[in-house]
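Student: I'd like to ask some things about the structure below.
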């Protein structure tokens, strides 16, 4: 899978883009 905003800081999955989830404060 590809995540266009990997490593971006986040507090919840919705802070990331499609196919991304928030893991340990970063999108992945």
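Glycine residues also receive a Cβ, built from the backbone N, Cα and C atoms like all the rest.
So Swiss-Prot says this about it:
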type: DISULFID; residues: 3-20; note: disulfide bond
type: DISULFID; residues: 10-22; note: disulfide bond
type: DISULFID; residues: 16-27; note: disulfide bond
Student: Tell me which residues of the chain lie with their Cβ under 8 angstroms from that of residue 10 (disulfide bond), as long as they are six or more apart in sequence?
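Tutor: Residues satisfying the criterion: 16, 22, 25, 26, 27.
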Student: State the count of C-beta atoms found within 10 angstroms of the C-beta of residue 20 (disulfide bond), not counting that atom itself.
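Tutor: Residue 20 (disulfide bond): 21 neighbouring Cβ atoms within 10 Å.
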Student: Count, for each of the disulfide-bonded residues 3, 16, 27, the other C-beta atoms lying within 10 angstroms of its own C-beta, and report the residue with the smallest count.
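Tutor: Output over disulfide-bonded residues 3, 16, 27: least Cβ neighbours within 10 Å is 3.
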Student: Can you tell me whether DSSP puts residue 16 (disulfide bond) in helix, strand or coil?
Tutor: coil
